[in-house]
Amino acid sequence: MVETNHSGQDQPTPTPALRIRREATQAEIDSLPHVADKVPFAAWAVVLAGAAERFTYFGIISPWQNHMQNPRGNGALPGILGLGQSTAVNIYNAFFLFSFLTPTFFALVADLWLGRFKTLMGGLGLYLAGCVILTTTSLPSAIDRGAGVGGLAASLILIGLGAGAVKATFFALLGDQYVQRKPQLEERKNGKSVIIDGSMTLTLMYNAYYWFTNVASLSSIPVTFLEVHFDFWVAYLLATSALALCLLLFLLWAGKLVKIVPQGSVLPQAARALTCAARSGFKLENAKQSYQKAHYGRTVSWSDRLVDELGRGLIACRVIFSLVVFYLCINQMYNNLISQAGQVNLSGVPNDMIQAFSGVGCIIFGPVLQAMYGVLGRYGIKFPPIARMTAGFVFCAAAMAYAAGFQQMIYSTGPCFEQPLACDASNGSTIPNQVSVWVQLPVYALMAIGEIFTYVTAFEYAYNKSPKEIKTVVQALTQLTACVASALGMAISPVAKDPYMVIFYSCLAGAMALTAVLFWWRFRKYDRIDAHLNESSYAETSDDASGSPSLSSDPEKKLGGTVGEEVLEAEASRTPRESIDARR
């Protein structure tokens, strides 16, 4: 086991073959191509174990819509409980809401007591128990004895707790496996010089994780075939076996992982600093020691560095909380789009298997977009986080618009037109509207690109911006966005039914497009601020640093005084030496 404190001083570092590696100057950073560093084995170990967990997750949730919506022996579509589409969607959203609320609890446990790794292992134990209950209560004999509803309820709670522990700890644990440094100049054996960029390395790690997890998400293909041709319990058994493998991999590789040991929490001090800022005009800068001493003669217990980090963390939370509509659209893949597929000609393919093509899209487009980032880096073209997330919103809006168009095509086709599978001509819900399900595929391709741009970037952004001591808590707070989206999904679920689905998808597309515009308008300045801070932090120190440009002197870069933003404004206005000293 490799353990380290928050400074990361004892962490293992990659030692690639090279001739020279040193801290780069600002001129070198601006002129040389940027490349990612070597990803350490510990990070790959976390990625592979995480992929096994995602195999289970998607293998478990993929059959749920049919499990809950359709009764047993319902002609063309398999089922167990027969609760109907709206109720099934409501339960689905309730599960997502619960699983996105629990990360906050597990994050506090991780940062205050057990650490990320032990918290993750405990959560995976609950997760496995839930999967076992779901599998056993889906057996025909258990269903005949009335265990279906109770078993599903118990498994939803335990799986929700386990998924919450994973969401709270996993992304931070993966980020911990690589120690970010200032840009390094590396002269390679071929004589070429490049800049080793830590942020590009984190992007590579998270994109690699996302690629592997999307390969794992294809578990929805075998489980849905098992569900149709054998039974639900067989499908759940396959998914449960993968989770057992995940636990085994983590146990085998535990000694090779970097584990941050909890050394007390800054949460109480952070709360006091935020309270102090609220009492001082809602400006975080006013919570600093110097301001409190000068204006109130008060000595505070927290450092100026903590205030700076809280400012960046608040910015990250504000950005991530803007993803509500994005999560609401993504959730459609697991309920309403599955129901939409069930209304058309499936050509022998299970309706809940089609959403697996989102994972296929991520597998195809993930390496393409990662290669695009590499090409842009080599040519010095920046594609920063806010721009990437905005692009993801646009693709997601296009996906919902296409879904609306596909739904209109379904309603325009017989035999049941606006009431698919619900008219006499459907012959007992066995004859769908005569549209091919493969026409639905562009929805998943567009959503895959949107997920890569937005989802991966969002977690990378949250990890980079959050204070070192409470990264797990900030990661967990970002899950509240998905929680709000699930609550909103529950609120609108009564209208998610025929013949209103064209309007439903059109409204989602419009809301997502409007979110993209507002998001870019409100947050694009953070990309400029980050670029300015990086230039200040890594600029060469000169004898006269007083000529450093001030962010506040540029009218286009003035911030509005919102809590958290003035910290960035002040930091961006420092001289290079002041910025470097403040970050030490």
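Including glycine, each Cβ sits where the backbone N, Cα and C put it.
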Which one of 270-290, 354-374 shows up in TrEMBL as transmembrane segment?
354-374
If I go by TrEMBL, the feature transmembrane segment sits on one of 35-55, 476-496. Which?
476-496
Are there residues at least six beyond either end of the transmembrane segment (443-464) with Cβ under 8 Å to its Cβ atoms? List them, or say none.
171-172, 175, 199, 202-203, 206-207, 210, 214, 316-317, 319-320, 323, 326, 329-330, 333, 337, 354-355, 357-362, 364-366, 369, 385, 388-389, 391-396, 398-399, 402-403, 406, 471, 474-475, 478
For the transmembrane segment (476-496), name the stretch out of 91-114, 149-174, 232-254 with the most CB-CB pairs under 8 Å.
91-114
Going along the chain, which residues at least six beyond the ends of the transmembrane segment (502-521) come within the CB cut-off of under 8 Å?
322, 325-326, 328-329, 332, 336, 386-387, 389-390, 393-394, 396-398, 400-401, 403-404, 407-408, 411, 492, 495-496
Sequence-distant residues near the transmembrane segment (232-254) by C-beta distance (under 8 Å, 6 or more away from its ends) are 1, 42, 45, 48-50, 52-53, 55-56, 59-60, 63, 67, 78, 80, 117, 120-121, 124-125, 127-128, 131-132, 134-136, 138-140, 216, 219, 222-224, 226
Any residues 6+ beyond the ends of the transmembrane segment (386-405) with a Cβ under 8 Å from its own?
319, 323, 326, 329-330, 332, 337, 340, 440, 442-444, 446-447, 449-455, 457-458, 461, 502, 504-506, 508-510, 512-513, 515-516, 519-520, 523-524, 526-527
Residue numbers, six or more beyond the limits of the transmembrane segment (126-143), whose CB comes under 8 Å of its CB atoms:
53, 56, 60, 67, 72, 80, 150-152, 154-163, 165-166, 231-233, 236-237, 239-240, 243-244, 247
